[in-house]
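As recorded in Swiss-Prot, the features of this protein are as follows:
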- 1-26: region 'Disordered' (REGION)
- 159-162: motif 'PPxY motif 1' (MOTIF)
- 172-176: motif 'PPxY motif 2' (MOTIF)
- 206-235: region 'Disordered' (REGION)
- 209-218: compositional bias 'Polar residues' (COMPBIAS)
- 252-304: region 'Disordered' (REGION)
Amino acid sequence: MARASSRNSSEEAWGSLQAPQQQQSPAASSLEGAIWRRAGTQTRALDTILYHPQQSHLLRELCPGVNTQPYLCETGHCCGETGCCTYYYELWWFWLLWTVLILFSCCCAFRHRRAKLRLQQQQRQREINLLAYHGACHGAGPVPTGSLLDLRLLSAFKPPAYEDVVHHPGTPPPPYTVGPGYPWTTSSECTRCSSESSCSAHLEGTNVEGVSSQQSALPHQEGEPRAGLSPVHIPPSCRYRRLTGDSGIELCPCPDSSEGEPLKEARASASQPDLEDHSPCALPPDSVSQVPPMGLASSCGDIP
């Protein structure tokens, strides 16, 4: 009897457990079926990826929808109840965009650094130029020990100011100096004197061939005068020396400045008072020509 009662109680308990399962709503059963179908679909998709890698791009995900209406996600994963979501790091253009941004930032930083270094170098060069200019303008100043820029050396190469060059142009160097008390004569007179064959070049105190008659007449002045000519005396102050281009000395008598004729012809056609009046050495110092060019300087003086 005890065994029969225990068997009846176990059957009643089993029946009570099966009763709630049979009383479940059809919605729960449909949801459970969808879950099982989804699991089966994922299993088949996984099998496709493992055994058929070339067909992995055809993977579609079955997502449960609203009111037991599932949908497929061709790209991405199930997101919410009606959409498909994809993470940014899963997109190829996401990484491309970041790569472009990083490269552009590096280029900008490199150009900024180069521009900064160039500006610093220009500023240093400008400061060095200013220091050199002030040192050259104000003369030698205190130079720090071990300085690579010697301002005292640069002051020697200071160019003149623009106003000084415009208003005071550079003058040629002075000509050969002469002894005091001897007036200057122009190079044109010496050139005319040599072109008329009134004098010739002699080195170291030789006599002039053109005035040989006057030189020979000098001894006769103490005795009798020559026939046909009045005694003419050439004063020592009316003869001068002229330096030639071959480092020689040419002795020339002073020509007549008014007519431009040699002194020999003037003596032959004029008297002694006329020669003294028209002699350029007897003229006042104001009427004497200006200083000749360098290298043709000459002076009236005694013959050495």
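Cβ coordinates are placed from backbone N, Cα and C, and glycine is handled just like the others.
Helix first, then strand, then coil: DSSP counts for the motif 'PPxY motif 1' (159-162) stand at 1 helix, 0 strand, 3 coil. Over the motif 'PPxY motif 2' (172-176), the average per-residue pLDDT in this prediction is 64.
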